[in-house]
Amino acid sequence: MSIATEAVMKQEVYQVNGMNLWYGQHHALKNINLSIYENEVTAIIGPSGCGKSTFIKTLNLMIQMTPNVKLAGELNYNGSNILKDKVDIVDLRKNIGMVFQKGNPFPQSIFDNVAYGPRVHGTKNKKKLQEIVEKSLKDVALWDEVKDRLHTSALSLSGGQQQRLCIARALATNPDILLMDEPTSALDPISTRKIEELILELKDKYTIVIVTHNMQQAARVSDQTAFFYMGELVECDNTNKMFSNPKDQRTLDYISGKFG
């Protein structure tokens, strides 16, 4: 298969065109143009305050929960501009799961954490819930570690286990997309490795967008990388190409550690 044919076959999940975002008078995202492709991992990198987390929170419109936010431009998700078209927010967030910087399990049992989303969206059948919980925990390689204590508190799990549980909770609603905002920044190296291995496995089923400060992590897990700086998308390219031959001097300076 030629490179050109492969590019044509790629399915765009998101197409961002000229998107701008303001917090009050502060112009936080400036004319962002970016495509995110199905069953790929897109890494969002850049120094603190560059707009990474703001950008990822626009993808499921969670950013609209922040006071005084104004958005303009196009954010096309599966062909619909969700900034302008009427969107069912509950349904949107069912299809776009999110995992945060630190594992944030609910103060409930392991089972109830994973079953929470399906219950909210109307699944009441006990057998069906059991099937969803088991599948979701297996998908994050946690089932064998917790199957004998599903009704104990999720807060009793280790940090790495809690983060995998939160990923399982996000997967339980059967989303298309998984957004991950620095999911390993609070974890030890062994737990980080498990999450990275999990990301590589999950991309066969899901489209993943991950914010990371870790250049090596971006290189290990992502197919394409987008470099943000001062609210601008400086460069977006195939990850191997970007790290070996960046087009913009600012990208080179950042990935080589001259600032950050």
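Note: Cβ is positioned from N, Cα and C throughout, glycine not excepted.
As recorded in Swiss-Prot:
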- GLY46, PRO47, SER48, GLY49, CYS50, GLY51, LYS52, SER53: ATP binding site (BINDING)
- 8-255: domain 'ABC transporter' (DOMAIN)
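There are 13 other CB atoms within 10 A of the CB of GLY49 (ATP binding site), with all protein chains counted. When other Cβ atoms within 10 Å of the Cβ of SER53 (ATP binding site) are tallied across all protein chains shown, the result is 17. Fewest Cβ neighbours within 10 Å among the binding-site residues GLY46, PRO47, GLY51: this applies to PRO47. When each of the binding-site residues SER48, CYS50, LYS52 is scored by how many other Cβ atoms sit within 10 Å of its Cβ, SER48 comes out lowest. Sitting within 8 Å of the Cβ centre of GLY46, PRO47, SER48, GLY49, CYS50, GLY51, LYS52, SER53, and not among those site residues for ATP, are the Cβ atoms of THR54, PHE228, TYR229. Summarised as a single figure, the pLDDT of the domain 'ABC transporter' (8-255) averages 94. DSSP classifies LYS52 (ATP binding site) as helix under the three-state reduction.
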